[in-house]
Amino acid sequence: MGAEFPGIVRLRCSVKRYEWGKVGEESGVARLYASNRGEEIDGDEPFAEFWMGTHDSAPSTVVPNCQIRSAGVEMESGFKRDRFNLVSLKDWIEQNPVVLGDKVFQKWGPNLPFLFKVLSVSKALSIQAHPDKSLAAILHKQQPQVYKDDNHKPEMALALTEFEALCGFVGLEEIKNILQNVPEITEVVGTASANQVLRISKEDGEKKRKDVLRSLFTKLMSASKAVISDAVFKLINRLNIKRKVRGLTEKEELVLRLEKQYPGDVGVIASFLFNYVKLKIGEALYLGANEPHAYLYGECVECMATSDNVVRAGLTPKKLDVQTLCSILTYKQGFPEILRGVPSNPYTLKYLPPFDEFEVDQCILPQGASTVFPAIPGPSIFVVVKGKGTMRQAFLEEMVGEGDVLFTPANAQISVRTTSGLILYRAGVSSRFLSSKCV
């Protein structure tokens, strides 16, 4: 525990090739992965997610270098190694927990509490939610092959390009408007269920409004495939006719797009009930446990608690768990909060969602600029998404460029400099948590 640890450790990272990912050179994930691994891009394969962290589904590995060897950190024995003979970041941290800092270690043990990703989304991901900790533990015990761990998964998506998502339920008045203008929903759930929503008002109280929405949504999502297929067929025909006559709303155009991606899927109709969010570059969206969402298109940096638990109910070929999803949702209504970052210095914005496990910094350095990330009592992961430059800690300096991913331990001040321009993102434990007086 008393060794002097290096300030900058390079990571070799993993990719997920889910079918919704962008293909080949079109994918920012593909470019980062190829640069990180020194490999060529397979032009015919989808590249969906670039994972940076310790989760067992796609663990990062530590690249041995002179910094690690000179610091006297043991890399030669006592570690499990991957097929490239590299030690996982998870094992390395467990053997050297001092890199986490005292406060992080006291809260989460010898584990990195956050998982960092870059996503390249070509078509809609599933309508999904992430369970809270208590339910995650139950689901993991019951179906470990589906729910891979026992942790919750609050998350945040920060747009690298214009980024589209469905997130949370629209407000009460908009739901009423939808039921009056999308007759296919009433055909599926029944007139009685639709009228329950149409008759409710704000004066009825939040609990009743949520109960009525829960009943409507559950009936819609639980309908038989035959009923949904027939309703989607009628819906698409009606929208195509309407498009020729007077044009469509943004949400209606989205529904036509989703139907081409997932023909006959219940998520095509259900999408009317969710907020259609369009993030601009540099805007972020955060999601707590049990909130419905579906990413639709674009590229983003994503950070979350270290978990891979997803409950799905539509817009996916993967296993569905409709009953669980409908039972766990909060049924909050209204447009989600959009984060635009708070300046830390002229080049850096901090995105701080209301979760202990993580925060994200965006750093855009123009030509000839430099900046400093002050020492903090928690670990960080940096990813360079564009340009090149140097990162320095004390007397150690690393050349960095697109695709480089670097772990820095607690209490390390990091200086970044570029001559040509550089864009990087940092994930770390919430500074709000690190500065609080109690664990």
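Think of each number as a place in line: the chain as shown, counted from 1.
Cβ coordinates are placed from backbone N, Cα and C, and glycine is handled just like the others.
The active site annotation in TrEMBL covers ARG312. Feature annotation from TrEMBL assigns Zn(2+) binding site to GLN128, HIS130, GLU155, HIS293. For 8-169, the entry in TrEMBL reads domain 'Phosphomannose isomerase type I catalytic'. Positions annotated as domain 'Phosphomannose isomerase type I helical insertion' by TrEMBL: 201-273. Positions annotated as domain 'Phosphomannose isomerase type I C-terminal' by TrEMBL: 352-390.
Annotated features, which come from TrEMBL, shown on the structure.
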{"residue": "GLN128", "record": "Zn(2+) binding site", "Cβ within 10 Å": "23"}
{"residue": "HIS130", "record": "Zn(2+) binding site", "Cβ within 10 Å": "25"}
{"residue": "GLU155", "record": "Zn(2+) binding site", "Cβ within 10 Å": "25"}
{"residue": "HIS293", "record": "Zn(2+) binding site", "Cβ within 10 Å": "23"}
{"residue": "ARG312", "record": "active site", "Cβ within 10 Å": "22"}
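Residue pair HIS293 (Zn(2+) binding site) / the residue listed as 'active site' shows a Cα separation of 10 Å. Each residue in ALA129, LYS153, LEU287, GLU291, PRO292, VAL310 lies on the same chain as GLN128, HIS130, GLU155, HIS293 and has a C-beta within 8 Å of the C-beta centroid of that Zn(2+) site, without being one of the site residues. For the pair HIS130 (Zn(2+) binding site) and the residue listed as 'active site', the Cα-Cα distance reads 9 Å. The average per-residue pLDDT of the prediction over the domain 'Phosphomannose isomerase type I C-terminal' (352-390) is 97, rounded to a whole number. Here the Cα atom of GLU155 (Zn(2+) binding site) is found 16 Å from that of the residue listed as 'active site'. A gap of 4 Å separates the Cα atoms of GLN128 (Zn(2+) binding site) and the residue listed as 'active site'. Residue counts for the domain 'Phosphomannose isomerase type I C-terminal' (352-390) under DSSP, helix first, then strand, then coil, are 0 helix, 22 strand, 17 coil. Residues of the domain 'Phosphomannose isomerase type I helical insertion' (201-273) grouped by DSSP class, helix first, strand second and coil last, total 61 helix, 0 strand, 12 coil.
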